[in-house]
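According to TrEMBL, the features are:
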- 374, 377, 380, 424: [4Fe-4S] cluster 1 binding site (BINDING)
- 384, 414, 417, 420: [4Fe-4S] cluster 2 binding site (BINDING)
- 362-394: domain '4Fe-4S ferredoxin-type' (DOMAIN)
- 405-434: domain '4Fe-4S ferredoxin-type' (DOMAIN)
- 492-516: region 'Disordered' (REGION)
């Protein structure tokens, strides 16, 4: 193949940040010891808050249901270990503002006993596909790549849309993160099995596993695990950020474009993360709910970076201690990756279902720098994987023209990857501008919907009052008419009685005259 032909096939969007994945990526998984307490937020997923089904003082086993899903889009929460419920109320959350969330606190008993009632499907590929979805739903499986959308809801969407291609996302393009890499290296067979189970559940004919080509060990392990399964294809993709984004991976793997503001299913595919595939395997084969995950702990401030398998609810500080503690106070503590993750104000935040990484970054790594004015170099345009014009969007946002940024410059198509901010020579926090604007527009839309709902309810109330008034008036008129009819009938009866009495009197008088 000529060099020109090869280069022409490479995506032109995105950036090549230093990956910083080693040494963590090359170290075997470690298992985190249980802390004394686990703090479990009831919103570890997109959708409705789970509703507690336990009480303070209850003894629970590992995998036991603690909170039931509430609403059409929700996910249950289970016990990550055995122990006793000691509190139901606000707990720390992985929120950049340090907000608390409703949650459950579990005191571990150290036995780590599984709930013995949990069981998987004996022969899932001969079972009704709906049974797989039910197992996934009951296990609280969500998108493990960070989106945390309930997996069972996506399975139902895939079936309904008759999706034929399942994409398993093994891109893991964020710098520092290598939890998916280690999962594929060490549990490739489970990941492939989970992918096949998802494909069976939605009726897909093929599975494409996209893995960035800077992960040769993971590619080799997954290819070995996929041998003998003709429907499973392991596809190396260019190591380019944000290759792990669904829309970009779909474009590279199946050469289709997801419509603006559309979903992957609109392009005939469904995308799940490799971690989600592993969680589906655990749920369907063994009946085990999602109570643990692999997390990358890295950054220049961490003494012994690596990937750890941890129960959910463990604090960030406990994970850092499991990796040797800190060499220095971090300049920035990040949950997730440095490009799309969130800054944590406290190490007390717990690990939740969507936690892929904990990064303790030094000042040099954080790279904080005061922004300068935009020089309109268009580097952000070249880097944007969605083909947007970030500097124009930012200019409109700074001017307060949010609607124009959305309508004329397609702000809502921004995936928040951070490529524009990464390449900006003026160090303008473009992604922050876009996140603010999208949040503001979403708030306005919610306000509009509330106002529309209020108007509708007010109109319905006025209509109901008019209807009730009309019904009351009609009832009053009917009562009045009935009374008038009753009075008329009474007067008529009285008149007829008087007439009859008069006739009788006259008849009696006539009889008396005749007798005389």
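A Cβ is built for glycine as well, from the same backbone N, Cα and C atoms used for every other residue.
Keep in mind that TrEMBL annotations are predicted by a computer and have not been checked by a curator.
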In the same chain, residues at least 6 away from the ends of the domain '4Fe-4S ferredoxin-type' (405-434) whose Cβ sits under 8 Å of its Cβ atoms read 13-15, 17, 241-242, 245, 247, 260-261, 339-340, 369-375, 377, 379-380, 382-386, 388-394, 396-398, 441
Neighbouring CB atoms within 10 angstroms of the CB of residue 374 ([4Fe-4S] cluster 1 binding site), all protein chains considered, total 18
All chains considered, the count of other Cβ atoms within 10 Å of the Cβ of residue 424 ([4Fe-4S] cluster 1 binding site) is 23
Cα of residue 380 ([4Fe-4S] cluster 1 binding site) to Cα of residue 420 ([4Fe-4S] cluster 2 binding site), in Å and rounded, measures 4
Ordered by sequence, the long-range same-chain Cβ contacts of residue 414 ([4Fe-4S] cluster 2 binding site) under 8 Å (at least 6 apart) are 386, 388, 390, 393, 434, 438
In chain order, residues whose C-beta lies under 8 angstroms from the C-beta of residue 377 ([4Fe-4S] cluster 1 binding site), counting only those at least six residues away in the same chain, are 425
CB contacts under 8 angstroms to residue 384 ([4Fe-4S] cluster 2 binding site), restricted to the same chain and 6+ apart in sequence, sorted by sequence, are 13, 390, 419, 420
In chain order, residues whose C-beta lies under 8 angstroms from the C-beta of residue 417 ([4Fe-4S] cluster 2 binding site), counting only those at least six residues away in the same chain, are 241, 242, 245, 339, 340, 385, 431
Helix, strand and coil residue totals from DSSP for the domain '4Fe-4S ferredoxin-type' (362-394) stand at 14 helix, 0 strand, 19 coil
In the three-state DSSP scheme, residue 414 ([4Fe-4S] cluster 2 binding site) belongs to coil
